[in-house]
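Novice: Here you go, one structure.
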Amino acid sequence: MERWTLREFEAAARARLDPAHYDYFAGGAGDEVTMRANEAAFGRLGLLPRVLRGVTKLETDVTLLGSHAAVPVLVAPTAFHRLADPEGERATARAAAAAETIMIVSMAATVAIEDVAAAAPEAELWFQLYVQPDLAFTERLVRRAESAGCKALVVTADSPVMGLRERDLRNGFDDLPAHLCCENLRDGDRVRPVVMSPEPSWEHLGLLREMTSLPIVLKGVTHPADARLALGHGVAAIMVSNHGGRQLDTVPATIELLPEIAAAVGGAVPVLLDGGVRRGTDVLKALALGAVAVAVGRPVLWGLAAGGERGVARVLGLLRAEVEHALTLCGCASVHELEPGMVRRPC
Ligand SMILES: Cc1cc2nc3c(=O)[nH]c(=O)nc-3n(C[C@H](O)[C@H](O)[C@H](O)COP(=O)(O)O)c2cc1C
Ligand SMILES: CCCCC(=O)C(=O)O
């Protein structure tokens, strides 16, 4: 495992997981056009390194909404970690803490947010929320995230309804096994279902802002007009995301959407990106084109399924080493030196 590449982690995860669970993690919506495009688009961009810049020391740290990350590679919120490893989100959080990065804990986690926080007291945690139509219950979730020490609320906006995931339909995967549940949704002696609802609107962002003083990150922005609207609604950061190609199929690759969104935001708030980040060079391209950090979804799940906490730590360490290596090759002493001129788009 110490010498594995990300591809090898994925192969090992595939070999270990129940095939229906592997498909849930790996799959996308519809024809998986968007899912494939996310990765492929990075490959089409070229990096133009600078030379002879006398780099002696590398700076990869970023501070985001008051949280520190030693590398600008965050853990994206993904559901159901106990399908991959018995320790589930506890293991992921410990690995994120060891890697000194931020973990965005999914509302649909299989370990309660309080228990994730207790398992990894050093971890920088943010909490991902699907606004539930029952706003009183939504507020209870927000309070729990605050009390557990989460430093930001990541509101996912790209899921008014679940994407059409044909692998899951084919496999009949529509629920967790009986021994697991979404622990954040316990409510008295029942467990509520996660409701993906088309009801939330921009007004709900206002309600959330009144509900909490936590900074709000809007996840799932792909249209520049929505990025501008988000600024008017007081979001603290914007996350360019097409949900890893799991929601609306044929949305363009996030790295292709990033420049327009970064221009629309104009530096007013930090812009993050996820979708298809698999290499240190992908991270550099996203930063050069205007993101302050990226997040990875499936790579973390491959680490977790292949090797538990150690597997996630290894995946995050691999990405960190690649970021440092690529920065050195690009003649950059700091992630802040990356700029659009270092990325060449195909003519
Ligand atoms: C198995 C799986 C579960 C996910 N669960 C959530 C979730 O609960 N909430 C959310 O906002 N995004 C969820 N996502 C989307 C990720 O946060 C992220 O946008 C996506 O995985 C990034 O693409 P990548 O997997 O190519 O890195 C999930 C993604 C996967 C693969
Ligand atoms: C009900 C949990 C939804 C998790 C999710 O967002 C995904 O599978 O992409």
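These residue numbers are counts, starting from 1, taken along the chain as shown.
Every residue, even glycine, has its Cβ placed from backbone N, Cα and C.
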Novice: Given TrEMBL annotates Tyr24, His243, Arg246 as glyoxylate-binding, which of Arg165, Arg170, Arg320, Arg344 belongs to that site as well?
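Specialist: Candidate in the recorded glyoxylate site: Arg165.
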Novice: Rounded to the nearest Å, what's the C-alpha distance separating Thr156 (FMN binding site) and Arg165 (glyoxylate binding site)? Just drop the number here, would you?
Specialist: 18
Novice: Write out, in the order they occur in the sequence, the residues of the chain not among Tyr24, Arg165, His243, Arg246 that have a C-beta within 8 Å of the mean position of the C-beta atoms of the recorded glyoxylate site.
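Specialist: Those within range, site residues removed, are Gly27, Gly28, Ala29, Met162, Gly163, Asp168, Gly244, Gly245, Gln247.
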Novice: Select the most exposed residue of Pro77, Gly275, Gly297, where exposure means the fewest other Cβ atoms within 10 Å, treating these as the binding-site residues.
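Specialist: Each of the binding-site residues Pro77, Gly275, Gly297 was scored by Cβ atoms within 10 Å; lowest is Gly297.
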Novice: Consider each pair of residues in Tyr24, Arg165, His243, Arg246, all listed by the record as binding glyoxylate, and report the largest Cα separation in Å as a whole number.
Specialist: 13
